[in-house]
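As recorded in TrEMBL:
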- 254-338: domain 'SH3' (DOMAIN)
- 6-24: transmembrane segment (TRANSMEM)
- 87-108: transmembrane segment (TRANSMEM)
- 136-167: transmembrane segment (TRANSMEM)
């Protein structure tokens, strides 16, 4: 039984790793040219982003139905490998529960045979069992320590991976990836902030958990669809989500603030030279840091008390369209006053007026 668990766990693990999530073809455009207005364009892949796809900085490709980038499989979890990844998250805790049961029963039976109760003390003889026949594999002090350590690993894996499995099942049953859940939350905030009176309905939830489940898990092992076109619920547009993404992107540009670097920053995760508070409040995220030189311009989109996140303003002709985004210390920058029409710094006369 343990061999069966091992084979099934490794099969799904390597399937999720090597099959991959599926990538949007390079240079992809929708069949109808007028639909391009509803989609974002990826400068790196030189193609439009298909519905539900997102560009992964680590894979350096646009991933179909991207949920997240998993460092444990060194790949993204998306359209093609979502089922294998979820089965791995299910089978690993089940195998660990089985192993934990074996460890517990082994330690219980072996210790029970070695315990002797006296009038004033309890003694444990780890040298040999009192009962015959003797075990095939000697169970001494080292075996007991190894079994106890393995039991701790098995229980820890069961809890940690089991929680990830619950999260992925929620994603599958609602047909809503982690990124799409974040987009939906931002849509609600945008509507509430501007009081537009809109009602955003997530278009890919069919309303039936069983139908959502069957989009990922099929008898053939191949998920439904082609990863580019998706069925939507009644009353929703094929590009409802991408249109909302474009609105949020435009809103982010409006609400972003331009800053100028006043100090050099090397891009390290925890800078010692930028103050104790900056060092201990570094953002706990996989998002990168960007190196700054004095005089660089940054367009900040969000921030914390001692850190900010934004995009460095570069010469698009010189950098080939590559974007540099990430976190940087708030201490290194100051607000940059400029004329919105000429994009030139505001002089003292304009400030006074």
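Backbone N, Cα and C define each Cβ position, glycine as well.
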Secondary structure composition of the domain 'SH3' (254-338) [DSSP: H/G/I, E/B, coil]: 14 helix, 30 strand, 41 coil
Tell me, roughly as an integer, the mean pLDDT over the domain 'SH3' (254-338). 85
